[in-house]
Each structure stands twice: as C-alpha cells, then as structure tokens.
Amino acid sequence: MSSSPADGSWGWGAWIRALARTNRAPIPWGRVVLTSVGITAPVGLAVLVAPHDTSVVVAGSVASMGALVASVMDVGSVGIERVHRMALTSLLAASGFALGTLVFGDPVATFIAVVGAAFVSGLSGAVSATASRAGQFFLLYAVTAANVEFGLGSPWAAPAIFLAGAMWRLLLTIAVAGAVGTTLSPERRAVAAVYTAIADQLAATGSGRRRAAATAVTTALDEAYDVMVAAETAIAERDLRWQSLATMLNASAPVVDATIAVTRGGTPADAATIDYLRGIARWVGDPSRPLPAPPESATSPADRAVLESSVDRVARIAARIAAADPRRHRRDREVPLPAKPSVVDRLRGAERTLVAGSETWSAILRLVLCMAIAQGICLMLHLDRPYLVMLTVAQVMKPDFGSVFARAVQRGFGTVAGVVIGSLVVVAVPSGGGQVLVIAALAGALPIMMPRNYGLYAIVTTPLAVILVEVHAGASAQIVGARLLDTLVGCAIVLVFGYLPWPSTWHAPRHLASGVADVVRSMVEYFDIALGARRDSESGTGATGESDAVSPTESDADRARVTARRATYRSLSDLRTRVAKSLPEPPAISAPAASWIPEIDALEGVADTVTAIATTTAASGVAIDPRELARARDVLIDLAEAIDEGRPPSAVPVPGEGPLAALGDELSAARAALSSRVRERAPSARRGRAAVERSGSRVRRSRTRARDTDPGR
C-alpha cells in the first residue's frame, strides 16, 4: 500500500488528494441488483398500488428504510456472516426505531433518549466493527423516529413495518444464496487469491513492484483467513470441501516464507514454479479443472531450493485432496486457523478496551456531547426536520470509522452534490412511478459507491434518504434545500464541538508512535520464535524432504512461527491502514503521521529479513551465533523504547557477520529512519513535511551504507 506521495513531499495539494482519494473496488453486480430490488420494492409497490393513500405510501417508505439498513450491512463474502451481520443490525435499528417512537412528542424524553442512544452507539465501537455499525444504526433510527411523525395510527406500526422491511431484504439474500447453492465460492476465491498473490510476488521485478506485490500477499492472507474463520461452523468443519480449502490455505504458509526468502535474496524464481502456483490458484477456484503438474525439481541456490521444497509439499497435499481421500488430509498436522472469537470473548475484549482506553472514552464523550448539542439546538429552534442535523452528527462522529475531519468534509461536499441531484429529481421527475425509478437507481448505486469514498456515498444517500422520508408529502426544492442547510449545520457541530477543541485530535501522531512501538515489540516476539528459539533446538531437522510428515515438536514450532509471522505482518498492515486514515486530516496532523512511513517501510524490511533468515537457515542447518542473536534482539528492544520515549535510538551493536549480517543492515536502516525523524521533527507542518522527504531518502541510502554509517556496527 502506498501511503505517501509519490514525490516524497506532503503539502496541501497532497493532503487534498488524500481527502478526495477513492478506493478501487470491483463492482458487485449481484449486490447491486439485490439492493436495488430490496429497497425499491416496498415503497414502489405502495406508490404504484395506492399512490394517493398516505398511510400506504408511508408504510412502504418505512419498509424501504428497513431494507436500506439491511442492504448497507450486506457486505463481506461469507453467506452465514452476511446473514448474522444483517440480522443483528436490523434488530438493533428496529429497537432504536421503537425507542424513538416511544419518546416522540416529549422534548425532555426525546433529549434523554437521544443522549442515551448516543452513549450506547459509542460503546458499541469497543466490541467489533459490526457492532459499531449496528450501534450507529440504532442511534440513527432512534433519532429519526423521535423527531418524525409518520402518521400510521398505532405508535408501534412504524417499528414493526421497519423490521419487516429489513427482514424482507434479509430473506432476499438468503433466497438468492439458496438458489445459487453452497458452492463455497467466496472461500475458494479467497484461498485462490493467496496463491495468485504469491505467484505475482515471485514474478515482480523492481523494488516498487515487489513491495506492492508483498503488500498484496499480506492483504490476500488476511482476507483469506478472515473469510475462512467467518465460514467456520460445525457444519462447515464436517464439509470435506471446506476442510480441503483450509488445508490448502495452511499449506501456503511455507510457500510464503520461501517466497520472502527468494525475493529478499534477489534470486529469480523459476518460471515453471510461478506457472504452477497460478495453476494451483485456478484449480482451487474451480476444482473441476485438472490439477496442474508440479514443476520438476532442479539444482538451485539454497533459498530457491526452499521454495521448490515448499511448492512440492503443496503439490503432494493438492494431489491427496484431488484424490478425495479425507483420511489423509491430516489437518491436525497443519497450522490451525485462528479461533473465531465468541460473543463472550468480544465482550471481554470490549471491557478491557473500556477499562484501559482513555481514547475510547474520549470518542464516546465527543459523540454524546455533539448529539446533545444537536438535539438541543433542534428543540430550541423548532426546526421542521430536526432529524437531519442529528443524522449528520451520528454518521460523521464515529472515529472508529476513520478520520472525523475527512468524513465531515466529504459529507459536506457530498451533500452539496446530492442536493443538486435531488433538486433535479424534484423539478424534473413527477411523483409516483418516476420517483420509484430514481429510488431504484440510487439504491443500486449504494454498493458501488460505499467502498470507494464517503463523499460519493453521501451523494447517493442524500437524495435517497430525502425521497424515502418525504415521499408521502411530495418532495419539494425547499425540502432538499433544508437538507443541505441542516447537514452543513451538523458538520459544523462535529468540527466545532467534537473535533477541534479536543486534545486527542492533536495528539493523534503521539498515539500513532505508540502503535509503531507496539509493532516493534511484536517483531521481538516473532524474532524470538523464528530465530531465538533455534538456539535451543539446533538438533532439530531442517526442511522437509519427500514426506510432509513432521514430529509433534516440529509441528508445534512451525505453528508458533507461522502464527507469530502472521501476527507481525498483520500488525504492520494495520499500522499502514492507521497512517492512511490519518492522511486526510489537516496537515498539522497528517504530516507527522506521514513521517512514520519510512520507519514502517524499514520495519517491514526487518520482518522480511527475519523470515528469510529463519527459512534458509532452517533448511540448510547453518548455526547462528547466540551473541549475534542477542545483539539483534537488543537493537529491536532499544528501537521500541526509543520510539516510546521520542529519542534517537542508542548505538547498540548490530549483527555484522554470519547469517544475521543482512538483518544488521535492515536494523541499521530502521535506526536511521527513526534518528532522522526525531532529529528533524518540528511543530510546524512545513518542517514535518520536509522530514518525510529527507528521512525517506536516507532510509533508502542506509541499506547500502549501513556498515559504514551505523555507530553500532
């Protein structure tokens, strides 16, 4: 992932580009159709059957709101996880709708309910990403129902119809999934993507392409493990197809290690090996294809020999799977999938986060404060549509969804564009069938815009929400104009009361530094497992030969090493994501965040080198001097402490000879990046931007001059 500007600078232009950047994502045509039909059908049926019956039209629009919630949560690839996500969010949103209905018409009760719902929504962010989204919808529809008169007679009619609309959309997803059948397509695509990414990394040339390919491997592995863990149920574990996919995913671990060793060593991979891995990817994605023939073994350098050995192991495992012999899967001797966290585990994790996380409580307090101010302003000014202001605050003021500043700016600009679209619809499209077609088009655009940019998402949701809420009244240009004004007021409340005055906003780079130090500490654990433990087990065997059978001790060591590597690379990936989320912030915040990019790049080089050394020395049986191991470990520990303390790293001696010499170069590069950042860090954004450029160039030079420049050598 490239987070830094191409030219190494970080000025206002780069900041604006980061703010406007759109994410690349394929168009999910199946979700487009499901969302369009699911949201449009209830209100469309009501408008077409009884266009002049206000109660029927309102009921249809409320049902479409419920379908909208379920549609927004219809993300991910695993069917069972999609159903759980949609059901949980729909139930919580309907509960919020019922709460709002209960307090409608009572200003004091409304204020208390909105503040309480905001508190619950804030707490949900500590549980999980799904719980956070569900909590947000709980707040959104509590606000809507507490401030909008739907006129359906019974006060509980609207919540019931809302839930029915959400369940209709959920059943639509289940029906389509049932019609397609249980093919494990998402799981197959995810595991196949891992082998494709490995082949791409082996085929990549040039440092830039290799780095992008390595990032793609990490992303593919994270996605594959997430998908497989999400799909892991009691039924799936008895499904031989799912077991085969889990086995093939686990079998990729030695290939990943060997690929890192090959690319770090500069040895080109054999073309036949790359073609074979691509063939395996195609076979995993479509098992009806013939199994590709494994490449012939040949005399080659040590690192490439390790790659060939790991690929040969994949070939043997794939052959057993293709032979449909479940007795020989032997998943108990493979690296197990990560355990799926239970509800109790998530709640305990949330408790730990809330007990130890002042940042979490700050986010909750900011959300509650902004919602209280928004509701108070609406009650005092007697706005016609007070829900518009609070909906904006509830949608923007969620730090766990990304930059609050970026969401406020993107929401504002997106709403302006949405108002233009809405105004054109109001002026040019007659009510009735014409507006139903507009709703269908806007609903279909939701899955396309949602993953790309929050501003684009707002462009679609602004006119859609107005039409659904106001369809029974006959939309007008004044309504759309009010939407613009109220949305901008909500954005202003977030920026003035929930963003600018809070110290946590301006201390974000400091929190990022703690994250970098945590990654280094994770790297120490990985180093101890991958290299340090070999000091006590030099009598162990090396690479597997013609058999992939391993002793229990070796199996446990392999599991621990692969798990530690996976955790280290995922923490690096998460750290890059945190930096990317900080880039749309104002330059006073984004420039210090961007200045960590060279250090993160250097740490990734350290992790790659540890992996390469562990892989090649395990295969060759070359002993590593315990004193050199201790030196490398001391450097990593000092690096973490220096980051925590905001000081340059100490001149701790780095490994200078033997198998760890290459690691010494990477450690020197990491120290050079940190020293440069500490030396050139300044409170002004201008000097911070210059530091990014200078430190990035110094890191590149340090890899070639480390032995001459590092005082610890």
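Placement of Cβ uses the backbone N, Cα and C atoms for every residue, glycine included.
According to TrEMBL, the feature transmembrane segment maps to 29-50 (among others). Away from its own ends, the transmembrane segment (29-50) comes close to residues 56-57, 59-61, 63-64, 67-68, 70-71, 74, 165, 168-169, 172-173, 176, 431-433, 435-436, 439-441, 443-448, 464, 468, 471 of its chain (Cβ-Cβ under 8 Å, at least six residues beyond either end).
According to TrEMBL, the transmembrane segment annotation covers 56-75 (among others).
Annotated transmembrane segment per TrEMBL: 111-130 (among others), in sequence order.
Positions annotated as transmembrane segment by TrEMBL: 137-154 (among others).
A Cβ distance under 8 Å defines the sequence-distant neighbours of the transmembrane segment (160-180), meaning residues of its chain 6+ beyond its ends; these are 30, 34, 37-39, 41-42, 59, 62-67, 69-71, 74, 79, 82-83, 86-87, 90-91, 93-94, 97, 141, 152. Positions annotated as transmembrane segment by TrEMBL: 160-180 (among others).
Under the heading domain 'Integral membrane bound transporter', TrEMBL lists 376-497.
TrEMBL lists 416-442 (among others) with the feature transmembrane segment.
Residues or ranges marked as transmembrane segment by TrEMBL: 454-475 (among others).
TrEMBL lists 481-502 (among others) with the feature transmembrane segment. Away from its own ends, the transmembrane segment (481-502) comes close to residues 362, 366-367, 369-370, 373-374, 377, 383-386, 388-393, 396-397, 404-405, 408-409, 411-412, 415-416, 418-419, 422-423, 462, 466 of its chain (Cβ-Cβ under 8 Å, at least six residues beyond either end).
Per TrEMBL, region 'Disordered' is recorded for 536-560 (among others).
Positions annotated as region 'Disordered' by TrEMBL: 674-713 (among others).
Helix, strand and coil residue tallies for the domain 'Integral membrane bound transporter' (376-497), in that order: 99 helix, 0 strand, 23 coil [DSSP].
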